[in-house]
Structure formats: structure tokens, C-alpha cells
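J.: So Swiss-Prot has the following annotated:
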{"type": "TRANSMEM", "residues": "33-53", "note": "transmembrane segment"}
{"type": "TRANSMEM", "residues": "77-98", "note": "transmembrane segment"}
{"type": "BINDING", "residues": "HIS83, HIS182", "note": "heme b b562 binding site"}
{"type": "BINDING", "residues": "HIS97, HIS196", "note": "heme b b566 binding site"}
{"type": "TRANSMEM", "residues": "113-133", "note": "transmembrane segment"}
{"type": "TRANSMEM", "residues": "178-198", "note": "transmembrane segment"}
{"type": "BINDING", "residues": "HIS201", "note": "ubiquinone binding site"}
{"type": "TRANSMEM", "residues": "226-246", "note": "transmembrane segment"}
{"type": "TRANSMEM", "residues": "288-308", "note": "transmembrane segment"}
{"type": "TRANSMEM", "residues": "320-340", "note": "transmembrane segment"}
{"type": "TRANSMEM", "residues": "347-367", "note": "transmembrane segment"}
Amino acid sequence: MTNIRKTHPLIKIVNHSFIDLPTPSNISAWWNFGSLLGLCLITQILTGLFLAMHYTSDTTTAFSSVTHICRDVNYGWLIRYIHANGASMFFICLYLHVGRGLYYGSYTYFETWNIGVILLFTIMATAFMGYVLPWGQMSFWGATVITNLLSAIPYIGTNLVEWIWGGFSVDKATLTRFFAFHFILPFIITALVMIHLLFLHETGSNNPSGLISDSDKIPFHPYFTIKDILGALLLILTLMLLVLFSPDLLGDPDNYTPANPLNTPPHIKPEWYFLFAYAILRSIPNKLGGVLALVFSILILMLFPILHTSKQRGMMFRPLSQCLFWILAADLFTLTWIGGQPVEHPFIIIGQTASILYFTIILIILPLVSMLENKLLKW
């Protein structure tokens, strides 16, 4: 009798994706983040579901319902903090996953890469809407500032903002619809993840050398299931250390003050994982220009396959490109730091310099250096 996992219509899909999947034998720990992102997504959906059972999306009771979850619900504080810090872990894994893709040239798989960028946008939208739900000061003012950016769109901007708000300011209608979207989007993300995997399994995984690895593939199970379990344990350990010892480390103290439309916080800033984009937005004095720079700072990822001028796929054997990659990484850390600082000297000029450097490296320097490395190959 043939093995059921190879014949059953449903089980064989799982088999081809996670058990008998031919995998390059030399993939490093940088390839662990895909499975870790899957784990983060499942954790966020489950904790979010339990939070939604007790949360009320009304401006008068939203803040107190979160307090009620933390104080009165069995392990409510744990569920809430796993969900809040789980989002941070999600973004850490996400940025490392994207960084791996850039370093090893995984963006040459067009479909997989583009679906991945769409996923990044969707996850960012979901996280933003989730941050509004506790209805603290930073929730309210963050929602006001970010949604207000859409008013920079010529002609339809103001109408668009009022349509999204459901009125003339961020209020009950806004909170209710944000909760509805925050609930539905993770399921859309799950569907996109399946498409992402579908396209990936059409081509097979990339590997650190960037060479075709068809002649040296091994089954995913048990080799990489064990490796992924190790990664998962380390992720869970990090998350639980964060949740149980310093759950508010990455949050904003202002969000423990109920939303007050009459009192603006001194420094309005988003969660840490949006600070780099926020710094790019603030570095341009013009409103529409800032919004375009903000969108393009993420959308630029879609240009990488077009901007790839090297004859080699990854950066493993390209020291000049490696240097540029790490300068870009340092630049993103600088932007993240600047995004959390007040708008004053010297932070303004540092932010503007870092923003210019970000776009210059990606659009100009990296393609030129790749072409130079092609020339050096002939020597």
C-alpha cells in the first residue's frame, strides 16, 4: 500500500511543501526566518482572537476594555503582551528575512519577491491599525497624523481622509473600522503567504552560494524541520524574556494615558519598526514629497530585480557590494534612531543625510559597484 502522505489529496500538498521538499543542502540559519515568520503569524492570530473576545471597539470603552483584559481576564496580561511584543518579533524576523533576500539575491525570483513586498505592505498596515485599538494617546494621535498624510494627495486628498475617518476627525467610526480591518487582514496575509510559498516551490529555494543546487538537494524533513525547531525555540525564548521581564520596553508610555483629542503629546512617533520610514517622511519639508518618499522607501524593494547588474547572484563573492550592504544596514539603524528623536538640530540634518544615502546606495551606487565587480572578474 502506498504511503497516505503521498496519495491523499490534502496531505500530499503538505508533504510536498514541508516533508519531501527538495532543499539545497547548504542553506544557512538565514533561511530560518521564513518558518519563524509563519510561527509569528500563527501566534498573532491566536492571541489576537482571544483578545478580540474581550475587546470592545468603542471610543468610550476601548481603553478600559484593554485594562479589563490585563487585570480581570485569566492570563489576559500574558495574551496582551505576547500579542504586542509578538508584533515586534514579527518585524525583526521580517526585516532579517528581507535583508537575507537582498544579500543573497533571492529577489531574482520575481513572483516570490513581489508577493513578499505586497505582504510587507499588508503587515505594516495591519500593525498600524492594531496600534490604534488600545485608544491611548499615541494610538489616537498616531492614527490622526498618519491618516492625515493622505490629504497630501492632490484633488481627492481631503475627501479621502474624511471617508477613511468616517467623519471630520478620528472618532468612534474610525476605531470600529480599524478593528474590523485589523481582524480580517491577518487572514488575507495567510492567503498571501500561501501564494508566496506556491511561487517559491515553483523555483525551489535559493542558497548562500547563489549557484543552481539541483545536483545537491536533500529532503526538508528531518534535516530542516530540526533546524527550524531550534530557530523556533530561540524565538520563543526571546519573546518570553521580553514579555515576562520587560513587556513595555518597546512600547510608548504615552499609550497608558487614555486618548484625549484636546491634548497633543510632545513627540508623536509610531512603534519602533516604523521609525526608519517615519524619519524618511520627516526629512522632506514638503508634505506630498514626504508621503511619496515614505511609500517609495518600501516600494523601492520591487526595483531590486531591475537594478541587479551583477553577473553573480548573491553577494557572497562580492566584497564591495557586501560593504555597501552593511553601510545600508547601518543607515537604516541611523534612520530608526532619528525617527524617535524630536525635530530639531542636529537630528534634522542627520535624518536628511541618512535618507539621501538610503536612496542613493540602492538606486545608484549598488548597480554601479556591481558593474565594476563584473569588470574585475575579467582580470
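Placed from the backbone N, Cα and C atoms, the Cβ positions cover glycine too.
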J.: Ranking 77-98, 178-198, 226-246, 347-367 by Cβ pairs under 8 Å to the transmembrane segment (33-53), which is first?
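T.: Comparing 77-98, 178-198, 226-246, 347-367 against the transmembrane segment (33-53), the winner is 77-98.
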J.: For the transmembrane segment (288-308) against the transmembrane segment (178-198), do we get 3 or more Cβ-Cβ pairs below 8 Å once near-sequence pairs (under 6 apart) are dropped?
T.: no
J.: Using a Cβ cut-off under 8 Å, which residues of the same chain at least 6 positions beyond either end of the transmembrane segment (77-98) come close to it?
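T.: Distal contacts: 30, 33-34, 36-37, 40-41, 43-44, 47-48, 50-51, 66, 69-71, 116, 120, 123, 127, 130, 235, 238-239, 242-243, 247, 250-251, 271-273, 301.
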J.: Roughly how many angstrom lie between the C-alpha atoms of HIS182 (heme b b562 binding site) and HIS196 (heme b b566 binding site)?
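T.: Rounded to the nearest whole number, the Cα-Cα distance is 21 Å.
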J.: Could you give the Cα-Cα distance between HIS196 (heme b b566 binding site) and HIS83 (heme b b562 binding site), in whole Å?
T.: 24
J.: Other than its close neighbours in sequence, what residues sit by the transmembrane segment (178-198), given a CB gap under 8 Å and a spacing of at least six beyond its ends?
T.: 17, 38, 41, 44-45, 48, 52, 55, 57, 112, 115-116, 118-119, 122-123, 125-126, 129-130, 132-133, 143
J.: Output the one of HIS97, HIS201 that, of all these binding-site residues, has the highest number of other Cβ atoms within 10 Å of its Cβ.
T.: HIS97
J.: Among all the protein chains here, how many other CB atoms are within 10 A of the CB of HIS182 (heme b b562 binding site)?
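T.: Total other Cβ atoms inside 10 Å, all chains included: 21.
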J.: Could you give the Cα-Cα distance between HIS201 (ubiquinone binding site) and HIS83 (heme b b562 binding site), in whole Å?
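T.: With the alpha carbons as reference points, the distance is 30 Å.
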J.: With every protein chain in view, what's the tally of Cβ atoms within 10 Å of the Cβ of HIS196 (heme b b566 binding site), excluding that atom itself?
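T.: HIS196 (heme b b566 binding site): 21 neighbouring Cβ atoms within 10 Å.
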J.: Distance between HIS97 (heme b b566 binding site) and HIS83 (heme b b562 binding site) at the Cα atoms, whole Å?
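T.: Checking the Cα atoms of HIS97 (heme b b566 binding site) and HIS83 (heme b b562 binding site) gives a distance of 20 Å.
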J.: Given a separation of at least six residues and a C-beta threshold under 8 Å, show me what packs close to HIS83 (heme b b562 binding site) in the same chain.
T.: GLN44, THR47, GLY48, LEU51
